Amino acid sequence: MSVLYLSCFGPVRVRVSALVSSVCFCLVSAVELSSALPVRVPPAAIPMDLRVEQMQTLDSSRREQQEMLALKHKQQLQRQILIAEFQRKHEQLSRQHEAQLQEHMKQELLALKHQQELLEHQRKMEQELEKQQREQKLQLLKNKERGQESAVASTEVKMRLQEFVLNKKKALAQRSLNHCISNNPRYWKTQHSSLDQSSPPQTAVSTYNPPAMGVYDSKDDFPLRKTASEPNLKLRSRLKQKVSERRSSPLLRRKDSPISTLKKRSLDMAGDAQDALTCACVTVSTQTNSLGAGSLQQLRQHRTLGRTQSAPLPQSGQVLQQLVVQQQHQQFLEKHKQHFQQLHINKVRHQSSHPTMTDETVVITSCSRERLSEQQALLLEQQRIHQLRNYQASMEEAGASVSFPGHRPLSRAQSSPVSASFISSQEQPSKPYFTTGLVYDSLMQKHQCMCGNTNTHPEHAGRIQSIWSRLQETGLRSQCECIRGRKATLEELQTVHSEAHVMLYGTNPLRQKLDSSVISMFVRLPCGGIGVDSDTVWNEVHSSSAVRLAVGSVVELVFKVASGELKNGFAVVRPPGHHAEESTPMGFCYFNSVAIAAKLLQQRLNVGKILIVDWDVHHGNGTQQAFYDDPRVLYVSLHRYDDGNFFPGSGAPEELGSGPGVGFNVNVAFTGGLDPPMGDAEYLTAFRTVVMPIASEFAPDLVLVSAGFDAVEGHPPPLGGYKLTSRCLGHLTKQLMGLAGGRVVLALEGGHDLRAICDASEACVSALLGIELEPLSADVLKQRPNENAVSSIEKVLENHSQYWRCVQRVASSAGLSLLEAQRGDSEENETVTAMASLSVAALEKRMEDEPMEEEPPM
């Protein structure tokens, strides 16, 4: 092994082999000598032999043994020297190998550095060359002659420039030739009325530029004698037939439609050069006696003709025109698509009907199809802008009288009947009215987990988007007044929450001024996002704006209802808020919107009594905390409690309030789990025995509802599990509208099944609008509440019997169905009425039987 290993070390290999051979030979010799020696026998007990021969033999053997020992010792020393030499050579070769590797790496690095320097030098050379080329081009441009081109434009730029120059030349030709017509019939087009159902209202000024007054050749001039705008008596019957026909606007003619012609009277046209004209011009046929050039000079300067279509001219501040625009705009938008499909058929019909109209001819030619499409888009855009700008003015001036100055202007065209404009002028435009208010903003949809997976988060942006779409589809949104939401201010948020809480969740995402220790309040969710707990997500960019917008929207709607601007309202907002406490966000909630709105009503509008009804399946712990000692706010919550085993664990029936607020905190805490689940019968009983009697005795000035829809059927047990129907929620809303003069505002809280929350929102908004609701089924009316609900309601009545007098009267009917309770109430009312009538009859009889007292003598 030593020989094989040492063979790789060059010159040392021969020397090491020789050393190893010598050592082996010595060892073999030693073995041979030792085997040849006689076996030593222990000395026997014999007398001492003093012979000299024997002593010499013993000395020689001893000497041989000493030599053997010396030889062994020498071999060991040589072996150690050999090993030391081997180690030294090994270390030397290792150092040499490492040095060679380092040298190789150094050479590689130098080569790489040299290559980079070459690339950098090449790049610099290219940049310098490019710079020199640019400078040369610039110098050539500076030293160029005036006749040479300054730059080379692209093909598209050249086409645009040519088109621009051509349009300018056409405009100059149009201004230089007045009332001209081409002799080529292929440039003729039909003229239709502008008050057809399928034509847009003409509110923009025509692109025709009238020339200045001057001397013209009688052959080229066709003065206005009579037009189709004021029909003669002999054409009146014919025009009535034409008005009834469906006509299309010339501005909406298809690009690929064939140019149709009108039958015209023979005109004396002079000048063959007019055939080459490509500009669009409008001409009106005249009678045979045309005005001469001299008479044209005697005409006084008149107002330039700003419109050439048949739409009515403005009268009395353009009132009639604006009203016609408002009347036709919606109809035009609806039939805009069908117009293009029917345009070709209408043109064929006009070609067959126009030969009978021989007293007037209207010919419209266009310069190109692109020009026509640009004019169409421009006129439509101007129409919309003009309508928006004058909408408010038209509402204010709709009732103004119409005055006619001097001569009667052109107020209608052939296709516009006399009565149309004046009937429209009597209509009043729609104004905001006293109705249900809605508030919604799509910015609240941006509050979502940064993981982007809405399936793992029940409180997602699709909730409010689905509700808003349902209200639009059913037409309920159009019956309501939609108001604009706003962001709540930091001062408004601090009416319920602490300053630190407001600064943490209501300020900008950077939070430079906040203590870094608050970052520990956020946790990493299993989905990879950020939140304050396992359910309540937080988006660093959008959440602060969304939560403030939700609060501000609710506040804005509540104040409009409280001030009498709106009848009632429904706030489609997220995230919810009734779980948010003074310094703690939880349960998807950051700021308590309903509680903040109630606080601001007390501070700014001095509202005396506020009722807050919370029918979310989870207890509103944040709202209860905000008003636990306030007797001006009655908080009533209907929720699943299960002896504190359902989130958030608060809301026990024994929680009545504290201090002056004792008795003003009512918790209808349903227990018993989902065996069976609570439904319509249980909620109707709770409203009949607890909510409505106590609320009526409290007599609130305004009703706020934390409208959580997670008690509606369709939610899994962890999120609710109850079987309440949306129809029942509509009837509960209708009952609450009997309080506070109907001033009721619902704010969306929980609810995560999209179909359930959409149905519930539709039912509640229908009730707020006063729409007749679908009646409850007979089974629900006859169904008695289950035993768990009865025991929960009786416990509430027992706890609040000493604070509310009405509770004692309804305590005995907690286990009855709605029909049984109504029947008992009617019998009780009849009994009270009968007893009252008997008491009055007995009193009258007693008064008749008693003798009248004699008057004392004077």
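Note: Cβ is positioned from N, Cα and C throughout, glycine not excepted.
Annotations in TrEMBL come from automatic prediction, not curation.
Taken from TrEMBL as is:
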DOMAIN    62-138  domain 'Histone deacetylase glutamine rich N-terminal'
COILED    83-144  coiled coil
BINDING   C449, C451, H457, C527  Zn(2+) binding site
SITE      H752  site 'Contributes to catalysis'
Taking the Cβ of C451 (Zn(2+) binding site) as reference, which residues of that chain separated by at least 6 in sequence fall under 8 Å from it? L525, C527, G528, G529
I need the neighbours of the Zn(2+) site defined by C449, C451, H457, C527. Which other residues of that chain put their C-beta within 8 angstroms of the C-beta centroid, in sequence order? Q448, M450, G452, N453, T454, T456, L525, G528, G529, V537
Rank the binding-site residues C449, C527 by how many other Cβ atoms lie within 10 Å of each Cβ and give me the one with the fewest. C527
Could you measure between H752 (site 'Contributes to catalysis') and C449 (Zn(2+) binding site) for me? Cα positions, answer in whole angstrom. 16
Do you know the mean pLDDT across the coiled coil (83-144)? 90
Cβ-Cβ under 8 Å from H457 (Zn(2+) binding site), same chain, 6 or more residues apart: which ones? Q448, C449, C527, D535, V537
Could you tally the C-beta atoms, other than its own, that fall within 10 angstroms of the C-beta of H752 (site 'Contributes to catalysis')? 21
Can you tell me the three-state DSSP label for C451 (Zn(2+) binding site)? coil
